[in-house]
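Student: Before anything else, here's the structure in question.
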Amino acid sequence: MSRRSFWAWGLEQDEPTGQQVREAAARLSQRYGVEVEPVMPPRAEDLRLRAPRISPPSALAAICSSDDHDRAVHTYGRSFRDRIRAFNLQFPNPPDIVARPTIEDEVIAVLDWCSSSGHAAIPYGGGSSTVAGFEPPDGYDGIVTIDLSALDQVLEVDDISRAARIQAGAYGPGLEAQLRPHGFTLRHYPQSFEYSSLGGWIATKRVRWHNGAESHHIGRFVEAVRMCTPRACGSRGE
Ligand SMILES: Cc1cc2nc3c(=O)[nH]c(=O)nc-3n(C[C@H](O)[C@H](O)[C@H](O)COP(=O)(O)OP(=O)(O)OC[C@H]3O[C@@H](n4cnc5c(N)ncnc54)[C@H](O)[C@@H]3O)c2cc1C
């Protein structure tokens, strides 16, 4: 599967080719009567990130990555400012580690590790924040971004109450694909649907989308949230 682009919305395979960039520059030059120079997009091989300052405990090594591309993808959200910095290969404060827990106990173990070591722990859903929601803060000797995308299952659907128990990392399309065989839909379609997650929608609380005159709010569909916090590690905050 193609990786996420570290500078554009979507996947690497969706990035414009050199040919497309040159053609776009020519079209713009013609339309606006000025010379628009084509600027070639950055390549993953051009990334030069600060070396990771920490290593995960051996028990978590299998779910942790310190790959430059992975850390670049998890540094910025998707605002215009974010995209410009990424395009210009400006990554002064990337996460040191990207952790991808696959079960709740691994989420707790990563939070325990961060708490006991004083590392920043940053939840990450689809990465579509436009307000620097998961951008690593200054002042930490270690930064661990916790990417929830491997926790993407609809665990249970109750046909009678029409309620579902869904993991936080489910992106819009995957979530709908799992509900469809039950004859259900969440019917929540922010414009970032393709690359944003249920956990991100709920965490940012007021995520809404508009359908003509109607405005839909994720809070209307949430009955309960099960949450792990650094403080509640071990005792499991709910
Ligand atoms: C092209 C585009 C279109 C958009 N369209 C809309 C729209 O129509 N309506 C709208 O309201 N917003 C929209 N947004 C904003 C954005 O998509 C939403 O804020 C979305 O809810 C973020 O979800 P995410 O999974 O990408 O979260 P992320 O960007 O990964 O994270 C957002 C914040 O939530 C936290 N977080 C994420 N997951 C969890 C979790 N499981 N547990 C705890 N904290 C978590 C992160 O730490 C961060 O602070 C759009 C953004 C883009 C780039």
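Placement of Cβ uses the backbone N, Cα and C atoms for every residue, glycine included.
Since this is a predicted model, take the numbers as computed values, not measurements.
Pasting the relevant annotations from TrEMBL:
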type    : residues                                 : note
DOMAIN  : 90-238                                   : domain 'FAD-binding PCMH-type'
BINDING : P123, Y124, G125, G126, G127, S128, S129 : FAD binding site
Student: Restricting to the chain of S129 (FAD binding site) and a gap of 6 or more, list residues whose Cβ falls under 8 Å of its Cβ, or answer none.
Tutor: G77, R78, S79, G200, T204
Student: Of all the binding-site residues given, G125, S128, which has the fewest Cβ neighbours within 10 Å once its own Cβ is left out?
Tutor: S128
Student: Determine the Cβ neighbour count for P123 (FAD binding site): the number of other Cβ atoms within 10 Å of its Cβ.
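Tutor: So the Cβ neighbour count for P123 (FAD binding site) comes to 20.
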Student: Reduced to three states, what secondary structure does DSSP give G125 (FAD binding site)?
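Tutor: In three-state terms, G125 (FAD binding site) counts as coil.
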Student: Can you work out the mean pLDDT of the predicted model over the domain 'FAD-binding PCMH-type' (90-238)?
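Tutor: Here the mean pLDDT over the domain 'FAD-binding PCMH-type' (90-238) amounts to 91.
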Student: Identify, in sequence order, the residues in the chain of Y124 (FAD binding site) that are 6 or more apart from it along the sequence and have a CB within less than 8 Å of its CB; answer 'none' if there are none.
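Tutor: Spatial neighbours, sequence-distant, of Y124 (FAD binding site): H74, V98, F134, T145, I146, D147, L148.
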Student: Within 10 angstroms of the C-beta of G127 (FAD binding site), what count of other C-beta atoms is obtained when all protein chains are considered?
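Tutor: Step by step: centre on the Cβ of G127 (FAD binding site), count other Cβ atoms within 10 Å, giving 24.
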Student: Looking only at the domain 'FAD-binding PCMH-type' (90-238), how are its residues distributed among DSSP helix, strand and coil?
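Tutor: Helix, strand and coil residues of the domain 'FAD-binding PCMH-type' (90-238) number 41 helix, 32 strand, 76 coil.
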Student: Counting only residues 6+ away in sequence within the same chain, which have a CB under 8 Å from the CB of G126 (FAD binding site)?
Tutor: S149, Y171, S192, Y195, S196, S197, G200
